[in-house]
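Feature annotation from TrEMBL assigns active site, nucleophile to Glu117. The active site, proton donor annotation in TrEMBL covers Glu121. Among the features that TrEMBL reports, domain 'GH16' is placed at 26-232. Positions annotated as signal peptide by TrEMBL: 1-30.
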Amino acid sequence: MNDQVFNTLSKTTISLSLLLLLQAVSGSAAASPPRIISFQKGFTQLFGGDTNLLRSDDDNTVHLHLNQYTGAGFKSSNMYNHGLFSARIKLPSEYTAGIVVAFYTSNGDVFEKTHDELDFEFLGNIKGKPWRFQTNLYGNGSTHRGREERYTLWFDPSKAYHRYTILWTSSKIIFYIDAVPIREILRSPEMGSDFPSKPMALYATIWDASSWATNGGKYKVNYKYAPFVTEMTDLVLHGCISNPIQDLSTNTCMEIDQQLETIRYNNITRKQKSATKRFREKYMYYSYCYDTLRYPIPPPECVIDPLLRQRLKENGRPDFGRRHHRHSRKGSQVLSSKLYDIEDED
Ligand SMILES: *[C@@H]1O[C@H](CO)[C@@H](O)[C@H](O)[C@H]1NC(C)=O
Ligand SMILES: *[C@@H]1O[C@H](CO)[C@@H](O)[C@H](O)[C@H]1NC(C)=O
């Protein structure tokens with residue numbers, strides 16, 4: 001593992017991600033290319049009032065505040081049957097223990113018991129410690145089969161904007177940070193309905209998750225440092241707008257589905273592949289695929305990398321609390337379940 005590679009990488013990722021976006025925008029399938037969407041055009045506020053959700057004059061930037069009274073959040077006005085969801089995000093700095101900033105897709109408002117979800121969840125940390133985050137997915141209410149991975153980052157996410165992207169097609173899911181595909185899930189037939197398959201909306205929230213976010217709840221939100229502000233800008237929504245209640249067998253989404261299969265974000269270069277590998281070897285410290293206590297037989301989509309298995313073992317799996325919590329994303333109406341508390345070490 002080579003630090004230099006990552007330093008170079010982080011310097012070039014901003015321009016690279018812009019390039020990717022531009023390539024996607026100017027791609028051959030120009031019918032409705034990925035585009036930056038203003039708040040007014042694409043989103044509605046969920047909670048936080050006028051004081052905790054602030055929009056820029058050009059309406060392309062949103063500031064979400066968390067203070068002792070409330071957090072803030074918004075969601076896309078439409079639901080999408082597959083899509084590319086993306087934003088440039090800057091996280092709160094300094095003491096951020098207990099704070100969760102979530103950027104995710106879900107349909108929990110519509111399908112309470114059988115919801116689908118794809119998550120980026122940033123988990124705060126005490127002063128001087130790096131932000132940690134996790135990605136996860138649920139399909140058709142598979143909340144008892146979490147597929148969490150946890151990582152640190154190769155940069156300080158509170159210092160500058162970085163682009164976070166979720167690509168969801170009928171055959172795969174890719175989580176991106178800038179130009180680096182940090183996680184790819186290929187749909188395997190054995191996954192069945194655990195692979196998200198119903199239209200979802202995009203959500204972005206900041207909230208107090210003192211009970212579990214940082215080191216399994218050891219460090220709480222300290223409002224002496226409030227307000228905690230996360231900034232989100234240049235939001236991209238590109239997918240087939242769908243009514244989740246309608247018959248999903250109609251073919252109206254075929255064209256966009258096809259586009260999603262061929263856009264730049266769905267075509268990982270060799271260079272990106274090695275960046276993925278480097279990222280996972282160096283920054284991933286937990287993966288459900290290697291958690292044999294929890295899953296004696298890894299779920300079907302897991303591709304076990306012997307090197308990673310060895311490393312995660314050598315580094316020791318974080319202690320697991322076998323506590324099952326239900327956490328409500330306060331105010332967002334979305335009941336999501338962080339069923340598995342991964343107790344990060346200090
Ligand atoms: C989703 O779950 C519900 C309830 O368990 C079940 O009835 C339904 O068949 C599932 N859908 C799929 C596509 O498997
Ligand atoms: C992916 O990219 C490679 C090289 O840039 C290109 O040759 C190939 O046709 C692309 N594939 C798709 C499905 O776009």
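Heads up, the Cβ atoms here are built off N, Cα and C, so glycines get one too.
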*Neighbouring C-beta atoms (10 Å sphere around the C-beta of Glu117 (active site, nucleophile))*: 22
*Using a 10 Å cut-off, grab the number of neighbouring Cβ atoms around the Cβ of Glu121 (active site, proton donor), all chains included.*
21
_Segment-level pLDDT (mean, integer) for the domain 'GH16' (26-232)_ = 93
